[in-house]
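K.L.:
What TrEMBL shows for this protein is this:
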type	residues	note
DOMAIN	19-263	domain 'ABC transporter'
TRANSMEM	358-379	transmembrane segment
TRANSMEM	391-412	transmembrane segment
TRANSMEM	468-490	transmembrane segment
TRANSMEM	496-519	transmembrane segment
TRANSMEM	585-606	transmembrane segment
Amino acid sequence: MEELQDIQIGKVVNGGVYLTWNDLWVSVSTSKNGSKSKNILEGVSGYARPSELLAVMGPSGSGKSTLLDALAGRLDFSTRQSGDILINGHKQKLSYGTSAYVTQDETLIATLTVKEAVCYSAQLQLPDSMTKSEKIQIAEQTIKEMGLQDAIDTRIGGFGTKGISGGEKRRLSICIEILTRPKLLFLDEPTSGLDSAASYYVMSGISRQRDGRTIIASIHQPSAEVFNLFHSLCILSSGRTVYFGPASAAIEFFGTNGFPCPLLQNPSDHFLRTINKDFDEDIENGSAGRKPTEEVVDFLINSYKLSEEYSEVQNQIAEICQQGGEILEKRSHANFTTQSLVLTRRSFVNMFRDLGYYWMRLVSYVIVALGLGTIYYNVDLSYRSIEERGLMVAFVVSFMTFMTVGGFPSFVEDMKVFQRENLNGHYGCCAFVIGNTLSSTPYLLFISLVPGSIAYFLTGFQNGFEHFIYFALVLFTGMMIVESLMTNVAAIVPNFLMGIVVGAGIQGLMILSGGFFQIPNELPKIVWKYPLYYISFHRYAYQGMFKNEFEGLLFTNYANGNNGTISGEDVLRDRWQVEMSYSKWVDLAILVAILILYRLVFFLIVKTNEKFVHARKTSTSLLSNTSRQIMAKSIPASPLHGFNVDIPTNYG
Ligand SMILES: Nc1ncnc2c1ncn2[C@@H]1O[C@H](COP(=O)(O)OP(=O)(O)OP(=O)(O)O)[C@@H](O)[C@H]1O
């Protein structure tokens, strides 16, 4: 209840978060067998306190994002980490709702307005003990806090569609992450790619959020105005600390060490120019007498180690650890049913507004259906029509389901949004899979009924409601299966081109082995018959549709006037070699079972991915002593820093 009130009045719950890190090392393996490694962070130490904004600065590749990832427990599996990261003096996991991480890339749903994006997110993230209107009130309040009220009804926009500006997108990403009033906020380069005015708006919005909250932001080259918003500053170069301390004291630190900031120059520009090795060549060529940057950086690092700022950092870390503080408790979410319903609604709205998702496909389906209907218009009951009916069925089952591949780019975008939101703990995999499945069902049903009826009735397939409904249901299930296959591919191969190639390749093999392009008895036994013929969904779709179309018909041979006849059942058995021991409804049931299996596989893929990420989150904050000892051996001791291979034993 207390948590609820605090969220409603926009306050950070109880005391804030004191985050300390001491002698933090991160390395990656650079050889396949792991014998060689590269250090990304080398024994960095620091702290972040409530109501303060800590900026992490440094040239590109200096380790800013890696530091943030390590502190937030989001390093990927290729890295190894050692050192102490304590929250309120304790080793503890950052649970849902206590911290938030805003990444550089804006994975937002382009078709939603600012208000919709924040309101849907509030409904997903905030607990069910709040009413919907309370959640919306919080969403609107947060939009105002981030200065987005002027763009509240503007669509986010994305590739090819103009929407809110880059700066507004950043503020929106932050807005979504602070809905639960997290005590700790990580921002990875919130101003990259923005002009100085937009950067200032973003950073001042962030700064306004600092009341009681601990904020750590990595930033490239802030303007002087933005620089004034920082309380503390951490300057990194090649993973080592050049300076950590009050932002206001950094100018003095550089000045006393022989690098005074020229009058009227932006201090952050001056710091980065001083330590940026990218300018080394210019210095060698043009500025005789100046020290190479490598030397300058080493000099500053050594000076920092001997400075008051360094001692102050050590004292602060010790003091914070001694003081201790509360153990952070996990906040509650909306429940599973609410999340599934909200995700279904959000996804349905996105599909409705995104022309490329279903509407363009619907138009091409209608055109193709008209084409089919006119090419095979009003087939008769002659022998020739046996081939025509067969070809029409094969085209519908193979090509009309294959066209679902066109939705792949949208599936990839959906996966990106899911991965961001899932990693930030907004909701779980099961709610996502349910939302994704339910939202697409009405569209695919509509496509199978409208273009399906055009093709069916123009061709003059078997009369009767039951026959048409069966035809539409097989088309619908086939499209759902292909859509599920493509979402599985998108979950594994999140790359447009590769994903489409993989998805199309799998379908090509299934179409070939489905029993139409080569009759089942003639399929080569190995691979094509066993197992492909049995696992290809096309086999059941072809056979179900053939039974639906041929059973009960009598075909007449008008050629040469001999007027011989053949029953549809004989055609099924002899021409198409259809399995006649069970009814067409069994074929449909098998298709539904394949669809369920594909959806389960999708769930397993996203669940496994989630488990990996969460296992990583736990393992980075709870590295075993053994791992640390192994790591200590692989990390060379730095003569500059006098790195001690005796890794602290209290790392839990
Ligand atoms: N998983 C990894 N494998 C190999 N190298 C990595 C990995 N992660 C980071 N690095 C390397 O570590 C260095 C620091 O990367 P990081 O992204 O932390 O730098 P950064 O300061 O945030 O850079 P930028 O400002 O350009 O984003 C870079 O040289 C990068 O290539």
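Please read every residue number as a count from 1 along the shown chain.
Placement of Cβ uses the backbone N, Cα and C atoms for every residue, glycine included.
Tell me about the setting of these features in this model.
P.N.:
For the transmembrane segment (358-379), same-chain residues at least 6 beyond its ends with a Cβ under 8 Å from one of its own Cβ atoms are 351, 385, 388-389, 391-392, 395-396, 399-400, 403-404, 406-407, 443-444, 446-447, 450-452, 454-455, 457-461.
Listed as Cβ neighbours of the transmembrane segment (391-412) (distance under 8 Å, sequence separation of 6 or more from its ends, same chain) are residues 351, 354, 356-358, 360-361, 364-365, 368, 372, 376, 379, 451-452, 455, 459, 461, 471, 474-475, 478-479, 481-483, 486-487, 489-490, 494-496, 499-500, 503-504, 507, 511, 514, 516-517, 538, 541-542, 545-546, 549.
Within the chain carrying the transmembrane segment (496-519), a Cβ under 8 angstroms from the stretch's Cβ atoms is held by residues 390, 393-394, 397-398, 401-402, 405, 408-409, 412, 482, 485-486, 489-490, 527-529, 532-533, 535-539, 541-543, 576-577, all 6 or more beyond its ends.
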K.L.:
In terms of Cβ proximity under 8 Å, which residues at least six beyond the ends of the transmembrane segment (468-490) contact it?
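P.N.:
Residues 396-397, 400-402, 404-405, 407-408, 411-412, 414-415, 436, 440-441, 444-445, 447-449, 452-453, 456-457, 461, 499, 502-503, 506-507, 537-538, 541, 544-545, 548-549, 584, 587-588, 591-592, 594-595, 598-599, 601-602, 605 contact the transmembrane segment (468-490) from elsewhere in the chain.
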K.L.:
Using a Cβ cut-off of under 8 Å, list the residues of the same chain at least 6 residues beyond the transmembrane segment (585-606) that approach it.
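P.N.:
For the transmembrane segment (585-606), the far contacts come to 418, 422, 429-430, 432-433, 437, 470, 473-474, 477-478, 480-481, 484-485, 487-488, 491-492, 537, 540-541, 543-544, 547.
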